[in-house]
Each structure stands twice: as C-alpha cells, then as structure tokens.
C-alpha cells in the first residue's frame, strides 16, 4: 500500500484535511500544537495510507513533536508529500514548502483557507504559482471539504512521471561547499545526489537532527567544510546568508502571484483582540464566559437532562431488567450483581452524559472559534511569574477534556525543563472524569450556585498548578523563562459538522470508559461489598470493602469525610475518577435510603467541598500515570507525579476543612 504524508505549518488545517481525505476523525483545534505525533489513516477509495505529521515551521526541529517530522522524512518510506499551506499567510508558509521542495520528492501543494484569504481581500494566481514551481497546486477549504474530493482523486497519480527539478542557487561559495559535501555524503552513505544535496543544505543550516543521522566521521568532514565556508561568506553566518537568499527567492516567486489589500485596513480579528486580550479586562471576560458555560451545563440545560436520564435508568430501565431476570429465573446472586452492582455503578456515571456533552460542546466551540489561542496569549503574562510561558497553557487547556492528551501535547514545548514542568502540573487540570463527582455534590449541596462552585474548582486547579510550577522552576527544574511566540488564528464561525464530531468523539470516549473501567470497577466494588471474612452475601458492614474503607477513612478523618464509605471510594479513583461516583452509588444505595439521602446525612456543604478539593488534586488516574511515564522516560518523575499531588491534596484539604470548621 502506498504511503503519503501530509505536512505544513501549525494550524493550517492538516488534521482537517486528514479527516476529509480518510473519513476518520482526529481532534481538531483552531490553534497550533494539536498534532504532536504522527497519525495514520486509510485514504478513501483505497488510494493508500495517509500520515498526518505534527505542524512545523522548519525542518530543523526545536521540539519533540517537530523531531517526528524530520525523522519521518529521513527514515521512512513514502510515495509523496501533500504540503498544505495557509493561503492567507502564503509567504510565511512558503518557508517550509521550499525546504520540502528541496527534498526533490513527489509533492502536491494544498492551498487551504482560500475562503479566509478571499475575505481578507488577498488574491492568489495559483495557476501562475503552479507553473513557476512546476508542482501541482490544489485549492481547498479543508474545514468544509471543498476541493478535497478532487485532491483525493489525484493523489493516486502523485509521483507519476516525476522528475527532480527544484534547486535554489545559494551563491558560488556556498554552492561549491554543497557540491563537496554531496560527494562525501554519496561516498560514505547510500543517499543519491538529490538526498545528498538536501542533507548538505540542512547541515549548513545547523539542523542537528541531520547531524544525528550521520556517523561521526562524516559529521567531522562536513563540519570542516562548513567552518571553511563560514570564513568566506560576508554575512554574519552561513545560515543567515542562506536564509536571506531563500527569503529573496520566495519574495520574487510571489511578487506577481499574490495581491494584498491596503495595509491600513484593520481586520475584525484585530479589533476583537484588543478587547479579549486586554491585560485588564481580558481575564474577567474569560471567567465570565466560563461561568456562562458552567451555568448552562449545570443549571439551564445539562442538569435537567441528566435528571430525566437518572429517572429513566433508576426507574423504568432497572425495573424492566428486574422483571426480565425474574421471568428468566436468574439466580439471586446474578440479579444483585446486575442491578446493585453494574446498573447502579455504571448507570450512576452515565446519567451525567448530558452534562458532559453540553460542556464539551461549548469547549469545542471556544476552540474552533480561535478564542482559546487568545487565552494562551493572555495567560502568558501571568505564567511568566510562575516560571512558565503561554505555550504551557495550551496543554493545560486540553487537560480540561482529559489529562492524557494534555501531557502528550507538552511535546510542542521546546524548553525541556518547561516541558517536564508542564507534564507534572497537567494532572491538576480538572478533566471530564472529575465532572460526575462535582455534578453529584453540587446538585445536592449547592443547588443555587452550582456553576460558581464548579468554576471555583477549575480555577483552584489552575492556581495550584501555577504554585507548584513556581516551586519546581525555582528548585529541581530551574530554567530561564522562554519567549512565547504563537500565531493567532483567524476568528471563524465554527463548523456545525466539526462541533458535532468533536463533541460526539469526546462523549463517546466517556461512554466507552463507562463500559470498560467503570464496568470493571463496579463489579469489583460490588463483589467486595458482597463478600467478607465470614462468607458471601454478608452485611456490607462486615464485608472486605468495609475493612478497606475503614482504613482509608481513618486516614482522611481530619479532612472532614472520614467515613469508611468515603474512604472506600478513593482507592478505585486511581483506576478512573468516574469510578468514585459508581462506587458511591453501590455503597450508599445498598441500604434502604437512597444515594442522595445518605450523602446528605454523611456530608455537610463544608465537607462536600473539601471532598471535591481532594478529588481534584489527589493522585492522577492510571492512564495519566502511564502517559507521564511514557513522556518522561523516568520512573523517578512518574513517582513524583503520583506522590506530590497526594500530599498537596491532603494538606490543602486539611487546611480548608479545619479553618472552615472554625466559622461554620
């Protein structure tokens, strides 16, 4: 099967095009850094495989995700490249395009966002550009799918009759050096003359990834030639001179191809940015927007729908299952397991799906509109005080959905110590798995202020992440503040299709988790409550679960929720935070009183909020721990990532409850 790779700058629509060409769905965000590892999909019509590579501005990598790109181009086999460029930022995008053309591999150029360019008054004669580059160009709007069908039909012809032809003349002295380098590379390696020229050019540009691919003897010879030509060129460095020549080539190339409107015209984005990124009112606006989202999720839409679903699962559905089991003569043990264990446990989590869907819809709306990238800029000013940059906030925002992709997104951070710091604080971001816990408790104890209480927990998670990052960056991970440079995407009206797919995929992941982790956890919790030292079908107060819960309940006694039931829910929370709610449903619903009544009797508003603080901050789930181990390659950092949140959660919850107890 033929392999084709898709490449481009960050946030030019690579993943949107990938989804359109393969019919699959990968996470899309209107900001840079969404793709951090290569993703493989099967092209429609069995054309071949398409590999979506992380966005990069240059083939000389400065972050882990960009290393994936260069490594793939050098070491993997592919039939051609699809280079997608932003038509509204064509000059900047051509920097990468020129480097890809220097590979002299079959290539198509996808001219994306032509709708945005047209709205800005930018006119592009792509036919003329195609003739100049001698490379096929396909205008597309990846977000809506316009033009992608034509591109798909042509991909199978990519490479047919291709003849390497692209070459930029870097001047007599540099060209002579490139020629000498090519001779060494072709003699010492298996690369042909076109690959050798590309390697020589990248080596002169100080691409360390290229140097790592060559043996030390070749590197020494090439370094000697690079040092020699550095003394001959009149520029500050060979790299600067080559970049100047390349920029001149691009300017000449686009001179009669692109027509821009008057520079005095102020775009809609610029006017809005002055308000939304204002250093004084930008943050209050963001908090107000988040409050509206939580108000909609927990008061106006989400909770009423969840109540209806809860009534159905706990009433009609459960009664129907019981009737069917009685009719079939199912043994009492299995009846109890299914109704009191599986349905009670899994159902108690599934009832929050409407709230999850509403929250994910609005988060996706903010992402696709381009607003979230502005928040990263806004937060950069604040995060500098805590030893981080705005680039760390992008993974943190992703963490509101799930901490695992949040940790993976840290690959886009160039500074290694900042990347590691971001990984260690990412679990403090309140992921969707914690939402059922919040929804349960705020619905019982804080009915009038549900959105404010949940918002306070999200803000608390961010504050704690900042405080911990301050400690880390001033001690074990001390580093200089990195400069945050980010391209602000154009504001756009989100695509209904994109919003639906994004919301559906996230909600589907939540439901899938209910059918695996939560199902398994519910069965185990119920069995532990059913079995004890004296046999089976024992009173829950004589069960193994009671024994385990009593031990942990004693440990958290000073935190305000020191019952054995609460203690028993904390242990399976390591598996997945949603299991906390399913465990409560099984434990608290085992008696005659309902779940809500028992929780009201065992918690107060103060201890309920203390419990939510502890759930927010204590150990990450097992999937997050695995992701931390994978990204840090260290058991030491992984152990720290498990231990310090537990200590932090205990200390902060203790202080909150004990101080609060003095006033309540």
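Each Cβ is built from the backbone N, Cα and C atoms, and glycine gets one as well.
Remember, it's a predicted structure, so these values are computed and weren't measured experimentally.
Listed ranges 239-259, 260-280, 281-301; the one Swiss-Prot annotates as transmembrane segment is 281-301. Counting Cβ atoms from all protein chains shown, residue 141 (GTP binding site) has 20 others lying within 10 Å of its own Cβ. Secondary structure at residue 54 (GTP 3 binding site), taken from DSSP and collapsed to helix, strand or coil, is coil.
The Cβ of residue 114 (GTP binding site) lies under 8 Å from the Cβ of 87, 124, 139, 140, 141, each of which sits 6+ residues away along the same chain. The number of other Cβ atoms within 10 Å of the Cβ belonging to residue 142 (GTP binding site), over all protein chains shown, comes to 24. Compute the center of the Cβ atoms of 112, 113, 114, 115, 141, 142, 143, which mark the site for GTP; besides them, the chain residues with Cβ within 8 Å of that center are 13, 87, 116, 140, 144, 146. In this view, the densest Cβ surroundings among the binding-site residues 53, 113 belong to 113, judged by other Cβ atoms lying within 10 Å. Cβ neighbour count for residue 54 (GTP 3 binding site): 27 (other Cβ atoms within 10 Å of its Cβ, all protein chains included).
Long-range contacts of the transmembrane segment (516-536) within the same chain, counting only residues at least 6 positions beyond its ends with a Cβ under 8 Å from a Cβ of the stretch, are 333, 336-337, 340-342, 344-346, 349, 542-548, 568, 572, 575-576, 578-579, 582-583, 586-587, 590. Model confidence over the domain 'FeoB-type G' (1-161) is summarised by a mean pLDDT of 89.
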